[in-house]
Amino acid sequence: MPAQSLLTATLEQGLNRLLALDPDSADRLAKLHGYRLLVFLEPFRRGLALAFSDKVDVLALEHEHSATVARLGSNECCIKTRLDVLGELSQTSQLTRLIQQGALQVDGELQIAQHASNLFQSLDIDWEEQLSRYTGDVVAHQTFALAAHAKESLLGVLDRINAGVGNALVEEKTLAAHRLAVMHFSDEVDRLRDDVERLDARFSQLQKQLKNT
Amino acid sequence: MSDNPVVSDNSPQANHQADQTHFGFRQVEKSKKASMVAGVFDSVAAKYDLMNDLMSMGIHRLWKRYTIDCSGVRAGHKVLDLAGGTGDLAAKFSRLVGPTGSVTLADINHSMLTVGRNKLRDMGLISNLDYVQADAEALPFPDNSFDLVTMAFGLRNVTEKQNALNSIFRVLKPGGRLLVLEFSKPQSEHLSKLYDMYSFHILPKMGQLVANDAESYQYLAESIRMHPDQETLKGMFETAGFEQCDFHNLTGGIVALHRGFKF
Ligand SMILES: C[S@@+](CC[C@H](N)C(=O)[O-])C[C@H]1O[C@@H](n2cnc3c(N)ncnc32)[C@H](O)[C@@H]1O
(Lines of atoms letter the chains of each structure in order from A and count residues from 1; the text may use other names and numbers.)
(Lines give C-alpha, C1' and ligand atoms only; values in the text may rest on other atoms or scores of the structure.)
Protein backbone atom coordinates (compact mmCIF):
# COMPACT_ATOMS: atom_id res chain seq x y z
CA MET A 1 0.00 0.00 0.00
CA PRO A 2 2.05 2.96 -1.19
CA ALA A 3 0.02 5.50 0.84
CA GLN A 4 1.05 3.87 4.09
CA SER A 5 4.63 3.57 2.83
CA LEU A 6 4.61 7.24 1.91
CA LEU A 7 3.57 8.09 5.45
CA THR A 8 6.31 6.03 7.10
CA ALA A 9 8.86 7.32 4.57
CA THR A 10 7.95 10.94 5.35
CA LEU A 11 8.01 10.33 9.08
CA GLU A 12 11.36 8.60 8.84
CA GLN A 13 12.90 11.37 6.82
CA GLY A 14 11.51 14.03 9.15
CA LEU A 15 12.76 12.35 12.32
CA ASN A 16 16.24 11.76 10.94
CA ARG A 17 16.52 15.33 9.67
CA LEU A 18 15.56 16.65 13.10
CA LEU A 19 18.11 14.42 14.82
CA ALA A 20 20.79 15.50 12.38
CA LEU A 21 20.26 19.12 13.44
CA ASP A 22 21.21 18.36 17.04
CA PRO A 23 24.86 17.30 17.27
CA ASP A 24 24.31 15.81 20.74
CA SER A 25 21.52 13.51 19.62
CA ALA A 26 24.02 10.88 18.43
CA ASP A 27 24.95 10.04 22.04
CA ARG A 28 21.33 9.68 23.06
CA LEU A 29 20.63 7.61 19.93
CA ALA A 30 23.58 5.32 20.73
CA LYS A 31 21.80 4.27 23.96
CA LEU A 32 18.95 2.94 21.82
CA HIS A 33 21.09 1.11 19.29
CA GLY A 34 19.44 -2.20 18.38
CA TYR A 35 16.19 -1.44 20.22
CA ARG A 36 12.71 -0.87 18.89
CA LEU A 37 9.80 1.19 20.09
CA LEU A 38 6.44 -0.04 18.82
CA VAL A 39 3.61 2.47 18.88
CA PHE A 40 -0.13 1.98 18.46
CA LEU A 41 -2.05 5.21 18.33
CA GLU A 42 -5.83 4.88 18.36
CA PRO A 43 -7.87 5.45 16.21
CA PHE A 44 -5.21 4.24 13.75
CA ARG A 45 -5.35 0.48 13.46
CA ARG A 46 -1.84 -0.20 12.25
CA GLY A 47 1.07 0.29 14.56
CA LEU A 48 4.47 1.69 13.73
CA ALA A 49 7.91 0.55 14.79
CA LEU A 50 10.79 2.93 15.35
CA ALA A 51 13.92 0.83 14.91
CA PHE A 52 17.03 2.54 16.24
CA SER A 53 20.53 2.17 14.82
CA ASP A 54 22.76 5.03 13.75
CA LYS A 55 19.50 6.41 12.39
CA VAL A 56 15.82 5.76 12.95
CA ASP A 57 13.95 3.43 10.60
CA VAL A 58 10.17 3.65 10.63
CA LEU A 59 8.26 0.49 9.73
CA ALA A 60 4.56 -0.28 9.57
CA LEU A 61 3.78 -3.23 11.84
CA GLU A 62 2.38 -6.43 10.38
CA HIS A 63 0.18 -7.50 13.27
CA GLU A 64 -2.46 -5.89 15.44
CA HIS A 65 -1.73 -4.84 18.99
CA SER A 66 -2.41 -8.07 20.92
CA ALA A 67 -0.52 -10.22 18.40
CA THR A 68 2.36 -7.77 18.46
CA VAL A 69 2.56 -7.87 22.25
CA ALA A 70 2.47 -11.68 22.18
CA ARG A 71 5.54 -11.68 19.92
CA LEU A 72 7.40 -8.93 21.75
CA GLY A 73 11.18 -9.42 21.78
CA SER A 74 13.49 -8.55 24.65
CA ASN A 75 14.78 -5.53 22.74
CA GLU A 76 11.30 -4.08 22.23
CA CYS A 77 8.82 -1.91 24.05
CA CYS A 78 5.24 -1.53 22.89
CA ILE A 79 3.11 1.49 23.70
CA LYS A 80 -0.58 1.79 23.01
CA THR A 81 -2.32 5.10 23.52
CA ARG A 82 -4.86 7.47 22.00
CA LEU A 83 -4.31 10.41 19.73
CA ASP A 84 -6.22 12.75 22.07
CA VAL A 85 -4.01 12.08 25.12
CA LEU A 86 -0.74 12.26 23.21
CA GLY A 87 0.00 15.74 24.54
CA GLU A 88 -0.24 14.55 28.15
CA LEU A 89 2.43 11.89 27.67
CA SER A 90 5.23 14.41 28.04
CA GLN A 91 4.14 15.12 31.62
CA THR A 92 5.57 12.27 33.66
CA SER A 93 3.18 13.07 36.51
CA GLN A 94 0.22 12.17 34.31
CA LEU A 95 1.44 8.73 33.25
CA THR A 96 0.08 6.74 36.19
CA ARG A 97 -3.32 8.35 35.80
CA LEU A 98 -3.36 7.61 32.07
CA ILE A 99 -2.43 3.98 32.70
CA GLN A 100 -5.14 3.65 35.33
CA GLN A 101 -7.68 5.13 32.99
CA GLY A 102 -6.67 2.64 30.32
CA ALA A 103 -5.53 5.44 28.02
CA LEU A 104 -1.97 4.17 28.02
CA GLN A 105 -0.64 0.64 27.90
CA VAL A 106 3.04 -0.16 28.05
CA ASP A 107 4.48 -3.65 27.45
CA GLY A 108 8.07 -4.80 27.38
CA GLU A 109 11.20 -2.91 28.22
CA LEU A 110 10.07 0.40 29.72
CA GLN A 111 13.56 1.90 29.52
CA ILE A 112 13.36 1.89 25.74
CA ALA A 113 10.35 4.20 25.86
CA GLN A 114 12.13 6.45 28.36
CA HIS A 115 15.27 6.68 26.26
CA ALA A 116 13.24 7.29 23.11
CA SER A 117 11.25 10.04 24.75
CA ASN A 118 14.50 11.55 26.00
CA LEU A 119 15.98 11.34 22.50
CA PHE A 120 13.30 13.61 21.08
CA GLN A 121 12.41 15.76 24.10
CA SER A 122 16.01 16.81 24.67
CA LEU A 123 16.40 17.92 21.09
CA ASP A 124 18.41 21.08 21.24
CA ILE A 125 18.44 22.67 17.86
CA ASP A 126 20.17 25.96 17.40
CA TRP A 127 17.93 27.47 14.74
CA GLU A 128 20.03 30.64 14.64
CA GLU A 129 23.06 28.51 13.79
CA GLN A 130 21.05 26.69 11.12
CA LEU A 131 19.97 29.97 9.53
CA SER A 132 23.51 31.37 9.69
CA ARG A 133 24.69 28.58 7.39
CA TYR A 134 22.67 30.20 4.66
CA THR A 135 22.91 33.86 5.57
CA GLY A 136 26.09 34.42 7.58
CA ASP A 137 26.34 35.02 11.35
CA VAL A 138 25.47 38.70 11.58
CA VAL A 139 22.26 38.54 9.62
CA ALA A 140 21.14 35.44 11.46
CA HIS A 141 21.84 36.99 14.84
CA GLN A 142 20.01 40.22 14.00
CA THR A 143 17.05 38.33 12.64
CA PHE A 144 16.73 36.23 15.75
CA ALA A 145 17.18 39.19 18.10
CA LEU A 146 14.48 41.04 16.23
CA ALA A 147 12.19 38.03 16.27
CA ALA A 148 12.74 37.66 20.01
CA HIS A 149 11.92 41.35 20.56
CA ALA A 150 8.78 41.10 18.44
CA LYS A 151 7.70 38.06 20.38
CA GLU A 152 8.23 39.86 23.67
CA SER A 153 6.22 42.88 22.56
CA LEU A 154 3.47 40.63 21.34
CA LEU A 155 3.39 38.75 24.62
CA GLY A 156 3.35 42.09 26.46
CA VAL A 157 0.32 43.23 24.49
CA LEU A 158 -1.43 39.91 24.99
CA ASP A 159 -0.74 40.04 28.73
CA ARG A 160 -2.20 43.51 28.89
CA ILE A 161 -5.27 42.45 26.99
CA ASN A 162 -5.68 39.50 29.31
CA ALA A 163 -5.20 41.61 32.38
CA GLY A 164 -7.63 44.19 31.00
CA VAL A 165 -10.30 41.63 30.38
CA GLY A 166 -9.60 40.08 33.77
CA ASN A 167 -10.01 43.38 35.57
CA ALA A 168 -13.15 44.20 33.71
CA LEU A 169 -14.67 40.92 34.74
CA VAL A 170 -13.54 40.94 38.34
CA GLU A 171 -14.05 44.57 39.20
CA GLU A 172 -17.02 45.15 36.94
CA LYS A 173 -15.46 48.34 35.62
CA THR A 174 -17.27 50.31 33.03
CA LEU A 175 -16.46 49.28 29.49
CA ALA A 176 -15.00 52.68 28.62
CA ALA A 177 -11.29 52.40 29.40
CA HIS A 178 -9.30 55.21 30.87
CA ARG A 179 -7.95 57.53 28.21
CA LEU A 180 -4.34 57.22 29.36
CA ALA A 181 -4.55 53.44 29.31
CA VAL A 182 -5.83 53.50 25.77
CA MET A 183 -2.95 55.76 24.69
CA HIS A 184 -0.41 53.51 26.32
CA PHE A 185 -1.99 50.46 24.76
CA SER A 186 -1.89 51.93 21.27
CA ASP A 187 1.75 52.94 21.77
CA GLU A 188 2.58 49.34 22.42
CA VAL A 189 0.62 48.19 19.42
CA ASP A 190 2.59 50.72 17.32
CA ARG A 191 5.86 49.37 18.64
CA LEU A 192 4.79 45.87 17.83
CA ARG A 193 3.80 46.90 14.33
CA ASP A 194 7.20 48.53 13.82
CA ASP A 195 8.93 45.40 15.00
CA VAL A 196 6.89 43.24 12.72
CA GLU A 197 7.54 45.52 9.77
CA ARG A 198 11.27 45.47 10.40
CA LEU A 199 11.16 41.71 10.73
CA ASP A 200 9.22 41.44 7.51
CA ALA A 201 11.72 43.66 5.68
CA ARG A 202 14.56 41.57 7.07
CA PHE A 203 12.94 38.38 5.81
CA SER A 204 12.35 39.67 2.30
CA GLN A 205 15.97 40.82 2.24
CA LEU A 206 17.00 37.32 3.30
CA GLN A 207 14.81 35.76 0.68
CA LYS A 208 16.47 37.86 -2.01
CA GLN A 209 19.87 36.93 -0.66
CA LEU A 210 18.99 33.23 -0.71
CA LYS A 211 17.73 33.46 -4.26
CA ASN A 212 21.01 35.01 -5.34
CA THR A 213 23.16 32.28 -3.79
CA MET B 1 -3.37 -18.49 -22.44
CA SER B 2 -2.86 -14.86 -23.18
CA ASP B 3 -2.04 -12.42 -20.44
CA ASN B 4 0.15 -10.41 -22.70
CA PRO B 5 -1.61 -7.53 -24.37
CA VAL B 6 1.04 -6.86 -26.98
CA VAL B 7 2.19 -10.21 -28.34
CA SER B 8 -0.56 -12.57 -27.41
CA ASP B 9 0.86 -15.83 -28.72
CA ASN B 10 4.08 -15.52 -26.83
CA SER B 11 3.17 -16.13 -23.20
CA PRO B 12 5.56 -18.04 -20.90
CA GLN B 13 3.52 -21.20 -21.38
CA ALA B 14 3.79 -21.04 -25.15
CA ASN B 15 7.44 -22.04 -25.38
CA HIS B 16 6.95 -25.15 -27.42
CA GLN B 17 10.54 -26.09 -27.85
CA ALA B 18 12.09 -27.31 -24.61
CA ASP B 19 15.45 -25.70 -25.26
CA GLN B 20 13.96 -22.30 -26.06
CA THR B 21 12.95 -19.51 -23.75
CA HIS B 22 12.01 -15.86 -24.10
CA PHE B 23 14.27 -12.89 -23.89
CA GLY B 24 11.79 -10.07 -23.83
CA PHE B 25 9.55 -10.97 -26.78
CA ARG B 26 12.25 -12.85 -28.66
CA GLN B 27 12.80 -16.59 -28.54
CA VAL B 28 16.35 -17.54 -27.65
CA GLU B 29 18.18 -20.69 -26.63
CA LYS B 30 17.89 -21.29 -22.90
CA SER B 31 21.63 -21.59 -22.55
CA LYS B 32 22.04 -18.07 -23.95
CA LYS B 33 19.47 -16.20 -21.88
CA ALA B 34 21.61 -15.75 -18.76
CA SER B 35 24.43 -14.10 -20.66
CA MET B 36 22.01 -11.89 -22.57
CA VAL B 37 20.43 -10.77 -19.29
CA ALA B 38 23.95 -10.18 -17.98
CA GLY B 39 24.58 -7.95 -21.00
CA VAL B 40 21.53 -5.84 -20.13
CA PHE B 41 22.56 -5.33 -16.51
CA ASP B 42 26.22 -4.76 -17.35
CA SER B 43 25.10 -1.96 -19.55
CA VAL B 44 22.62 -0.36 -17.11
CA ALA B 45 24.54 -0.89 -13.82
CA ALA B 46 26.11 2.55 -13.55
CA LYS B 47 22.87 4.44 -14.19
CA TYR B 48 20.61 1.84 -12.58
CA ASP B 49 19.57 3.78 -9.45
CA LEU B 50 18.94 6.99 -11.34
CA MET B 51 16.86 5.19 -13.96
CA ASN B 52 14.84 3.40 -11.30
CA ASP B 53 13.89 6.70 -9.73
CA LEU B 54 13.06 8.26 -13.06
CA MET B 55 11.15 5.35 -14.53
CA SER B 56 8.97 4.75 -11.52
CA MET B 57 8.87 8.41 -10.48
CA GLY B 58 10.34 7.33 -7.16
CA ILE B 59 7.53 4.91 -6.41
CA HIS B 60 9.86 1.91 -6.41
CA ARG B 61 11.11 3.16 -3.04
CA LEU B 62 7.62 2.85 -1.62
CA TRP B 63 7.15 -0.63 -3.09
CA LYS B 64 10.44 -1.67 -1.47
CA ARG B 65 9.45 -0.10 1.83
CA TYR B 66 6.21 -2.06 1.79
CA THR B 67 8.23 -5.21 1.16
CA ILE B 68 10.30 -4.52 4.27
CA ASP B 69 7.13 -3.88 6.29
CA CYS B 70 5.92 -7.35 5.29
CA SER B 71 9.23 -9.06 5.99
CA GLY B 72 8.89 -9.52 9.75
CA VAL B 73 12.63 -8.95 9.96
CA ARG B 74 14.15 -8.71 13.43
CA ALA B 75 17.48 -8.23 15.14
CA GLY B 76 19.62 -11.34 14.68
CA HIS B 77 17.92 -12.56 11.50
CA LYS B 78 19.88 -13.92 8.55
CA VAL B 79 18.64 -12.33 5.34
CA LEU B 80 19.40 -13.15 1.72
CA ASP B 81 18.65 -10.33 -0.71
CA LEU B 82 18.68 -12.22 -3.96
CA ALA B 83 19.19 -10.44 -7.29
CA GLY B 84 19.93 -7.64 -4.87
CA GLY B 85 21.59 -5.49 -7.50
CA THR B 86 22.56 -2.13 -6.12
CA GLY B 87 21.51 -3.01 -2.59
CA ASP B 88 18.42 -0.89 -1.80
CA LEU B 89 16.82 -3.55 0.37
CA ALA B 90 20.11 -4.80 1.79
CA ALA B 91 20.97 -1.37 3.23
CA LYS B 92 17.83 -1.24 5.32
CA PHE B 93 18.03 -4.89 6.34
CA SER B 94 21.59 -4.37 7.50
CA ARG B 95 20.42 -1.80 10.05
CA LEU B 96 17.37 -3.81 11.07
CA VAL B 97 19.11 -7.13 11.78
CA GLY B 98 21.91 -5.37 13.66
CA PRO B 99 25.31 -6.77 14.59
CA THR B 100 23.92 -10.17 15.64
CA GLY B 101 22.29 -10.72 12.25
CA SER B 102 23.64 -10.81 8.73
CA VAL B 103 22.64 -9.77 5.25
CA THR B 104 23.89 -11.48 2.11
CA LEU B 105 23.59 -9.53 -1.11
CA ALA B 106 23.61 -12.01 -3.98
CA ASP B 107 23.44 -11.26 -7.68
CA ILE B 108 24.48 -13.07 -10.81
CA ASN B 109 25.97 -9.92 -12.23
CA HIS B 110 29.36 -8.69 -11.14
CA SER B 111 28.85 -5.08 -12.29
CA MET B 112 25.62 -4.71 -10.31
CA LEU B 113 27.25 -6.29 -7.26
CA THR B 114 30.17 -3.87 -7.48
CA VAL B 115 27.87 -0.84 -7.72
CA GLY B 116 25.94 -2.23 -4.73
CA ARG B 117 29.04 -2.91 -2.66
CA ASN B 118 30.43 0.59 -3.27
CA LYS B 119 27.13 2.21 -2.43
CA LEU B 120 26.71 0.31 0.84
CA ARG B 121 30.31 0.95 1.82
CA ASP B 122 29.80 4.67 1.22
CA MET B 123 26.79 4.52 3.54
CA GLY B 124 29.08 3.15 6.25
CA LEU B 125 27.45 -0.28 6.19
CA ILE B 126 29.95 -3.11 6.20
CA SER B 127 30.06 -5.15 9.36
CA ASN B 128 27.12 -7.51 8.85
CA LEU B 129 27.01 -7.55 5.04
CA ASP B 130 28.54 -9.93 2.57
CA TYR B 131 28.43 -10.19 -1.18
CA VAL B 132 28.09 -13.33 -3.25
CA GLN B 133 27.96 -13.68 -7.01
CA ALA B 134 25.37 -16.40 -7.48
CA ASP B 135 22.70 -17.70 -9.82
CA ALA B 136 19.27 -17.85 -8.20
CA GLU B 137 18.68 -21.20 -9.88
CA ALA B 138 21.56 -22.87 -8.04
CA LEU B 139 22.19 -21.07 -4.77
CA PRO B 140 25.60 -21.85 -3.24
CA PHE B 141 24.32 -21.98 0.37
CA PRO B 142 23.62 -24.92 2.70
CA ASP B 143 20.01 -26.00 3.33
CA ASN B 144 18.08 -24.07 6.00
CA SER B 145 20.41 -21.03 6.09
CA PHE B 146 18.16 -17.96 6.04
CA ASP B 147 15.21 -16.54 8.00
CA LEU B 148 14.21 -14.38 5.08
CA VAL B 149 14.85 -14.28 1.35
CA THR B 150 13.82 -11.26 -0.70
CA MET B 151 13.95 -10.89 -4.44
CA ALA B 152 12.96 -7.49 -5.82
CA PHE B 153 12.55 -7.15 -9.58
CA GLY B 154 14.87 -10.11 -10.13
CA LEU B 155 12.73 -13.18 -10.76
CA ARG B 156 11.54 -12.15 -14.21
CA ASN B 157 15.13 -12.18 -15.47
CA VAL B 158 15.76 -15.75 -14.36
CA THR B 159 15.67 -18.41 -17.10
CA GLU B 160 13.90 -21.17 -15.16
CA LYS B 161 11.87 -19.41 -12.50
CA GLN B 162 10.62 -22.62 -10.93
CA ASN B 163 14.22 -23.74 -10.35
CA ALA B 164 14.92 -20.48 -8.58
CA LEU B 165 11.87 -20.87 -6.30
CA ASN B 166 12.88 -24.45 -5.48
CA SER B 167 16.41 -23.36 -4.71
CA ILE B 168 15.21 -20.55 -2.44
CA PHE B 169 12.91 -22.97 -0.62
CA ARG B 170 15.89 -25.21 0.08
CA VAL B 171 18.06 -22.47 1.64
CA LEU B 172 15.27 -21.03 3.82
CA LYS B 173 15.08 -22.17 7.44
CA PRO B 174 11.82 -23.75 8.55
CA GLY B 175 9.66 -20.83 9.67
CA GLY B 176 11.40 -18.59 7.15
CA ARG B 177 9.68 -16.63 4.42
CA LEU B 178 10.21 -15.57 0.84
CA LEU B 179 9.11 -12.22 -0.53
CA VAL B 180 9.13 -11.63 -4.27
CA LEU B 181 8.45 -8.10 -5.46
CA GLU B 182 7.91 -8.07 -9.19
CA PHE B 183 6.06 -6.35 -11.99
CA SER B 184 2.73 -8.02 -12.51
CA LYS B 185 -0.56 -7.62 -14.28
CA PRO B 186 -2.46 -4.32 -13.82
CA GLN B 187 -5.96 -5.01 -12.55
CA SER B 188 -7.90 -2.56 -14.71
CA GLU B 189 -8.14 -2.31 -18.50
CA HIS B 190 -7.50 1.44 -18.48
CA LEU B 191 -4.45 1.23 -16.28
CA SER B 192 -3.19 -1.60 -18.42
CA LYS B 193 -3.44 0.48 -21.61
CA LEU B 194 -1.81 3.51 -20.03
CA TYR B 195 0.93 1.37 -18.63
CA ASP B 196 1.60 -0.25 -22.02
CA MET B 197 1.90 3.11 -23.64
CA TYR B 198 4.26 4.23 -20.93
CA SER B 199 6.51 1.22 -20.99
CA PHE B 200 6.74 0.67 -24.74
CA HIS B 201 6.95 4.27 -25.85
CA ILE B 202 8.16 6.49 -23.05
CA LEU B 203 10.41 4.11 -21.13
CA PRO B 204 12.80 3.19 -23.99
CA LYS B 205 13.06 6.87 -24.89
CA MET B 206 13.99 7.71 -21.32
CA GLY B 207 16.54 4.89 -21.43
CA GLN B 208 17.95 6.39 -24.59
CA LEU B 209 18.15 9.90 -23.18
CA VAL B 210 19.51 9.16 -19.73
CA ALA B 211 21.49 5.97 -20.12
CA ASN B 212 22.00 6.10 -23.90
CA ASP B 213 20.61 2.57 -24.05
CA ALA B 214 17.09 2.23 -25.49
CA GLU B 215 17.53 -1.48 -26.18
CA SER B 216 18.04 -2.54 -22.57
CA TYR B 217 14.96 -0.63 -21.50
CA GLN B 218 12.99 -2.13 -24.36
CA TYR B 219 14.03 -5.53 -22.96
CA LEU B 220 12.87 -4.48 -19.47
CA ALA B 221 9.45 -3.49 -20.80
CA GLU B 222 9.11 -6.75 -22.73
CA SER B 223 10.34 -8.94 -19.88
CA ILE B 224 7.70 -7.37 -17.63
CA ARG B 225 4.95 -8.47 -20.04
CA MET B 226 6.34 -11.99 -20.24
CA HIS B 227 6.38 -12.48 -16.48
CA PRO B 228 3.71 -14.78 -15.04
CA ASP B 229 0.66 -13.01 -13.63
CA GLN B 230 -0.30 -12.98 -9.94
CA GLU B 231 -2.17 -16.29 -9.77
CA THR B 232 0.36 -18.14 -11.93
CA LEU B 233 3.26 -17.04 -9.75
CA LYS B 234 1.34 -17.97 -6.61
CA GLY B 235 0.90 -21.46 -8.08
CA MET B 236 4.64 -21.67 -8.72
CA PHE B 237 5.31 -20.78 -5.08
CA GLU B 238 3.06 -23.65 -4.03
CA THR B 239 4.77 -26.05 -6.42
CA ALA B 240 8.10 -25.19 -4.78
CA GLY B 241 6.62 -26.18 -1.40
CA PHE B 242 5.76 -22.78 0.06
CA GLU B 243 2.73 -22.50 2.32
CA GLN B 244 0.33 -19.71 3.26
CA CYS B 245 1.12 -18.12 -0.09
CA ASP B 246 -0.50 -14.80 -0.83
CA PHE B 247 0.09 -11.65 -2.84
CA HIS B 248 -0.68 -7.96 -2.54
CA ASN B 249 -1.20 -5.81 -5.58
CA LEU B 250 0.58 -2.48 -5.39
CA THR B 251 -0.24 0.54 -7.55
CA GLY B 252 -3.17 -1.23 -9.18
CA GLY B 253 -1.26 -4.45 -9.83
CA ILE B 254 1.56 -2.87 -11.83
CA VAL B 255 3.63 -4.50 -9.13
CA ALA B 256 2.73 -7.39 -6.82
CA LEU B 257 4.37 -8.56 -3.62
CA HIS B 258 4.22 -12.37 -3.30
CA ARG B 259 4.82 -14.04 0.01
CA GLY B 260 5.25 -17.67 1.02
CA PHE B 261 6.43 -19.50 4.14
CA LYS B 262 8.47 -22.66 4.60
CA PHE B 263 7.23 -24.65 7.59
C1 LIG C 1 16.08 -5.03 -12.02
S2 LIG C 1 17.45 -5.54 -11.08
C3 LIG C 1 16.88 -5.45 -9.43
C4 LIG C 1 17.89 -5.01 -8.43
C5 LIG C 1 17.40 -4.72 -7.01
N6 LIG C 1 16.86 -5.89 -6.37
C7 LIG C 1 16.37 -3.63 -7.01
O8 LIG C 1 15.23 -3.91 -6.70
O9 LIG C 1 16.71 -2.48 -7.30
C10 LIG C 1 17.53 -7.25 -11.45
C11 LIG C 1 18.77 -7.95 -10.96
O12 LIG C 1 18.59 -9.37 -11.12
C13 LIG C 1 19.87 -9.91 -11.40
N14 LIG C 1 19.70 -11.26 -11.94
C15 LIG C 1 19.24 -11.60 -13.17
N16 LIG C 1 19.23 -12.94 -13.32
C17 LIG C 1 19.67 -13.46 -12.14
C18 LIG C 1 19.87 -14.79 -11.66
N19 LIG C 1 19.62 -15.85 -12.43
N20 LIG C 1 20.33 -14.96 -10.40
C21 LIG C 1 20.60 -13.89 -9.62
N22 LIG C 1 20.43 -12.61 -10.02
C23 LIG C 1 19.96 -12.40 -11.26
C24 LIG C 1 20.47 -8.88 -12.33
O25 LIG C 1 21.86 -9.01 -12.42
C26 LIG C 1 20.02 -7.58 -11.71
O27 LIG C 1 20.97 -7.06 -10.83
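From the backbone N, Cα and C atoms, a Cβ is placed for every residue, glycine too.
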TrEMBL S-adenosyl-L-methionine site partner of B:D107, B:D135, B:A136, selected from B:T86, B:T100: B:T86
Among B:T86, B:D107, B:D135, B:A136, the record's S-adenosyl-L-methionine binders - longest CA distance, Å: 16
Neighbour tally for B:T86 (S-adenosyl-L-methionine binding site), based on other Cβ positions within 10 Å of its Cβ: 24
Chain-internal residues, separated by at least six, CB under 8 A from B:D135 (S-adenosyl-L-methionine binding site): B:A34, B:I108
